[in-house]
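Quick look at what TrEMBL lists:
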- 41-60: transmembrane segment (TRANSMEM)
- 75-284: domain 'TLC' (DOMAIN)
- 81-105: transmembrane segment (TRANSMEM)
- 178-198: transmembrane segment (TRANSMEM)
- 210-232: transmembrane segment (TRANSMEM)
- 252-274: transmembrane segment (TRANSMEM)
- 296-336: region 'Disordered' (REGION)
- 296-306: compositional bias 'Low complexity' (COMPBIAS)
Amino acid sequence: MFEVTAKTAFIFILPQYNISVPTADGELVHYCYGLKDLVTILFYIFIAIILHAVVQDYALDKISRRFHLSKVKHSKFNESGQLVAFHLTSMIWCLYVIVTEGYFSNPRSLWENYPHVYLPFQVKFFYLCQLSYWLHALPELYFQKVRKEEIPRQLQYICLYLVHIAGAYLLNLTRLGLILLLLQYVAEFLFHMARLVYFTDENNEKLFNAWAVVFVVTRLFTLTLSVLVIAFGLAREDNQTFEPEKGNFNTLLLRMGVLLVVCLFQTWMMWRFIHFQLRRWREYWNEQSARKRAAASATIAKQQSKPLKRESGYHENGVVKAENGTSPRTKKLKSP
């Protein structure tokens with residue numbers, strides 16, 4: 001009975017479809033994907049919901065109470081706070097996987113020996129956790145009571161993350177997907193950190209400037225790396241056939257389709273970035289002009305409120321009188 005329960009529990013907890021691959025040093029256990037992955041993803045969706053609640057209750061709620069944020073800012077503060085915690089964790093984890101698997105030291109491994117059907121444990125587990133997190137974000141829209149105006153925007157980026165991560169996982173482009181995710185998460189981490197700082201101090205926008213530079217650089221790296229791997233690297237591989245049962249999707253049509261999706265997504269993100277920056281600059285100049293107008297009107301008001309200097313005396317019937325009522329004319333001296 002215990003053995004049956006343990007086997008059932010392992011389906012939920014551990015990645016499935018492990019295969020022993022012979023090597024010169026012995027055997028390595030690798031993994032491929034299948035339908036049982038859905039069970040594992042479901043289990044980690046519940047784990048993500050629990051962790052989401054822990055971060056919300058023990059960190060974000062306490063911080064937001066100290067700053068007395070409005071309802072709109074409170075909702076965005078919670079969103080950015082959750083994403084900062086997730087992006088930071090994913091950045092460190094993703095960087096560790098890339099370095100230990102040698103994808104930085106050997107860039108050719110991103111396309112050589114494609115399809116990369118057999119995955120190391122840490123690569124497959126990383127992808128399962130990523131899919132679980134972004135799937136858990138869908139019910140969190142209801143649990144967090146997100147405003148109706150914010151739901152379409154959040155649904156948009158949640159679905160985009162799911163499409164790209166699932167696409168890299170199912171098309172066996174996991175190595176390229178890891179590096180692209182790392183670049184994306186670095187930019188997103190800076191953006192949400194800048195939002196958190198801005199909500200606590202509206203005059204502090206230095207992190208937004210740093211994010212703007214990093215965002216543009218990551219877009220260029222993403223496009224360059226995608227073209228290098230998909231259009232040049234995979235195009236030179238020998239197995240240019242469509243064999244889904246073997247995990248091989250290396251055909252000209254699919255390569256162009258994947259590259260088109262990546263380019264369209266990066267173009268859309270750049271358009272939104274430019275629109276965001278233009279709006280920020282417009283708000284900044286409007287604020288500066290409003291301050292100048294307020295300062296000018298305050299200066300005019302001060303000048304008008306100053307009392308006019310009166311002459312030493314006053315006018316009465318057109319004659320200047322002294323303050324004691326006598327005429328200020330000089331007296332004639334009597335001759336002796």
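Each Cβ is built from the backbone N, Cα and C atoms, and glycine gets one as well.
Automatic prediction, not curation, is the source of TrEMBL annotations.
Assigned with DSSP, the residues of the compositional bias 'Low complexity' (296-306) fall into helix, strand and coil as follows: 10 helix, 0 strand, 1 coil. Long-range neighbours of the transmembrane segment (178-198) within the same chain, counting only residues 6 or more positions beyond its ends whose Cβ lies under 8 Å from a Cβ of the stretch, are 76-77, 79-81, 83-84, 87-88, 90-91, 94-95, 97-98, 103, 110, 123, 126, 130, 164-165, 168, 204-205, 207-208, 210-211, 214-215, 218, 221-222, 225-226. Looking at the domain 'TLC' (75-284) alone, the prediction's average pLDDT is 93.
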